[in-house]
């Protein structure tokens, strides 16, 4: 299985939109749904049913908003931290859908002590494969919470703060308990240490997989994810 570099990941996304005519909301829904299913596979809601989902301003954050909605239908209780809103209709709709299902969507950075006491699991959907260090000032408080937490962290596609190709660059980078790679793993996933690794996003056309020599593993039956490790 191939691990994509940053430019390959960007190019694959562009081809899905331009060549294969997928829409952003279509891929986001499929990606977020697969994340929710992978999380439900990895963590029992009996132990981790209250989930803090940290969403950034881009498509990675959109995946997190979708995952929150689906997790709420799987016996989890999501709480979304979504500090940097956008005027794009898609993201407004995703927020509205989450709130309409009784999910709290907050702009206030949660205190570390409250997070430890209140939640059993954290989902990191802050930054995706377009991220380039350093982390912006406005996101440093939540990154500090993620760096210091003793709770398991599930990162969506890229552990936030990591270099997309080189992985963690400092001792302070977060170390997820689980990574859900989307479409195909990125090079940074080779730097995971003792972490669960899932692949989600069961929508890659065969010709596109062949063009980039992805050699993706087969999904079983109706599964929306593959566990890689």
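Glycine is no exception: its Cβ is also placed from the backbone N, Cα and C atoms.
The record from Swiss-Prot ties 59, 60, 61, 62, 63, 128, 129, 130, 131, 132, 133, 134 to (6S)-NADPHX, and of the options 41, 46, 108, 157 it ties 157 to that site too.
When Swiss-Prot records 60, 124 as binding K(+), the matching candidate from 34, 100, 106, 160 it lists for that site is 160. In the three-state DSSP reading, residue 124 (K(+) binding site) counts as strand. Here the binding-site residues are 63, 124, 157, and the one ringed by the most other CB atoms within 10 angstroms is 63.
Sparsest Cβ environment among the binding-site residues 61, 133 (other Cβ atoms counted within 10 Å): 133. The 10 Å shell around the Cβ of residue 60 (K(+) binding site) contains 25 further Cβ atoms across the protein chains shown.
Put plainly, the binding-site residues 129, 131 were compared by Cβ crowding within 10 Å, and the winner is 129.
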